[in-house]
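Visitor: Below you'll find the structure I mean.
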Amino acid sequence: MTFRNCVAVDLGASSGRVMLARYERECRSLTLREIHRFNNGLHSQNGYVTWDVDSLESAIRLGLNKVCEEGIRIDSIGIDTWGVDFVLLDQQGQRVGLPVAYRDSRTNGLMAQAQQQLGKRDIYQRSGIQFLPFNTLYQLRALTEQQPELIPHIAHALLMPDYFSYRLTGKMNWEYTNATTTQLVNINSDDWDESLLAWSGANKAWFGRPTHPGNVIGHWICPQGNEIPVVAVASHDTASAVIASPLNGSRAAYLSSGTWSLMGFESQTPFTNDTALAANITNEGGAEGRYRVLKNIMGLWLLQRVLQEQQINDLPALISATQALPACRFIINPNDDRFINPETMCSEIQAACRETAQPIPESDAELARCIFDSLALLYADVLHELAQLRGEDFSQLHIVGGGCQNTLLNQLCADACGIRVIAGPVEASTLGNIGIQLMTLDELNNVDDFRQVVSTTANLTTFTPNPDSEIAHYVAQIHSTRQTKELCA
């Protein structure tokens, strides 16, 4: 038997993991083993909301060292993270300023300013990226306006996965899929857009030309002295998750479900017409030149905050209690920007219901029911928008990522959307990360080849829509007339 051992470092907004993948060439089987899992979260520092990148780096190194201590020879390493955030470095590679998180309020008002000064359509035609108030475009503008004293010291700006790869290898890289989330990459040239960079106040010299997934950035020297290639995978975690989505045919849509919910489809061409602009559709970069035509949905962030505020540790028990409640008594729009980072999520949800003359969710189960029903209804809205955009309905929806373990939400999604839902794999970002590594090692031909491996090895569960469910009746009778507010558009 011929084996490959690849390590995926997968960092999310709430947690991170170092995973070891073992690929057997002859039987084309792939197994994952968790080596190290650790928490991630927002911190308050000098008036900013920040990430603790030093702690994350220590956790990454701890996980890698654990693999080496087992005597396993690693063939390659890949790192994926969330998008838009960055770390600034000086000429010596030392950090400049703080690693500010996208949920910080420093960008307030800057998106509207950009649209007024540059033109909303022009920005969209250049980047193809949706308007979100925390995009890197506005973060850099906030930096240059609010902290001009830092500018003379900045030599490089690295997005999060590129920063951690740099810390392992000493080599800098700007990976394409994550770079597109910045709203600074020109959709026609796949390079940084000079007009958008100029408005942001950033110097183009801070960035290198984006590279597509599959190149070796450099090498990490393990404690035993071996040089291990660090591969530029599809380093935006959603891009990796889509690679591992076992999409079958052109009528399959995906939903990457986690802190954020990203719903979309793959396309060989971007959608940047007026319909796409009005719907705030994004065209993020994917592997092999494909576009991830998708829409951001606030996702399980709302639930994560409720769990934290209410100190709930038993999620299965909460879901069980939630399932016993009637559907659609409390409906909010999860994409309202009031939910980006409120002081207390529970109070914000209750206020939204009060302002719309609905019953007020009081118990933990009622709050969760409100979130699940509202997400499922928004999923139905977005799926309909995407189908209209491309002029063809979808036949099935693949839900991947940690959120696909929520069987109640999966069934609500199937019922609200009226479509077959296939849930899994859970560790989609990790698997997609591994997939690019295996292609770089010449073990697999392309993304479609890798998806065949995923389809035969992953644990997938099908949810069939129930047209007689409460939420299906709600969609048919009431929800179809509802207008949903765009997320920060």
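Every residue, even glycine, has its Cβ placed from backbone N, Cα and C.
Bear in mind that the values here come from a model prediction, so they are computed numbers and not experimental data.
Reproduced below are the annotations present in Swiss-Prot:
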BINDING   Ala13, Ser14, Ser15, Gly16, Arg17, Thr259, Gln304, Gly402  ATP binding site
DISULFID  Cys68-Cys222  disulfide bond
BINDING   Gly83, His236, Asp237, Thr238, Asn296  substrate binding site
ACT_SITE  Asp237  active site, proton acceptor
DISULFID  Cys353-Cys370  disulfide bond
DISULFID  Cys413-Cys417  disulfide bond
Visitor: Tell me which of the disulfide-bonded residues Cys370, Cys413, Cys417 sits in the most Cβ-dense spot, judged by other Cβ atoms within 10 Å.
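Guide: Result of the Cβ crowding comparison: Cys413.
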Visitor: Roughly how many Å lie between the Cα atoms of Cys370 (disulfide bond) and Gln304 (ATP binding site), rounded to a whole value?
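Guide: So the alpha carbons of Cys370 (disulfide bond) and Gln304 (ATP binding site) sit roughly 14 Å from each other.
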Visitor: Taking the mean position of the Cβ atoms of Gly83, His236, Asp237, Thr238, Asn296 as the substrate site, which residues outside that list, in the same chain, have a Cβ no more than 8 Å away, listed in sequence order?
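Guide: Along the chain, the qualifying residues are Trp82, Asn178, Thr181, Ala239, Ser256, Trp260, Leu262, Glu284.
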Visitor: Could you tell me the maximum Cα-Cα distance in Å between the residues recorded as binding ATP, namely Ala13, Ser14, Ser15, Gly16, Arg17, Thr259, Gln304, Gly402, rounded to a whole number?
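Guide: Between the most distant Cα atoms of the ATP site, 18 Å.
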Visitor: Between C-alpha atoms, which of these recorded positions comes nearest to Arg17 (ATP binding site): Cys68, His236, Asp237, Thr238, Cys413?
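Guide: Nearest by Cα distance to Arg17 (ATP binding site): Asp237.
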Visitor: Just to verify a number: CA distance, Gly16 (ATP binding site) to Thr238 (substrate binding site), in angstrom, no decimals.
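Guide: Approximately 14 Å lies between the Cα of Gly16 (ATP binding site) and that of Thr238 (substrate binding site).
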Visitor: Fewest neighbouring Cβ atoms within 10 Å: which of the binding-site residues Gly16, Gly83, Gly402?
Guide: Gly402
Visitor: Starting from each candidate's C-beta and looking 10 angstroms out, tell me which of the binding-site residues Ser14, Ser15, Thr259 has the most other C-beta atoms.
Guide: Thr259
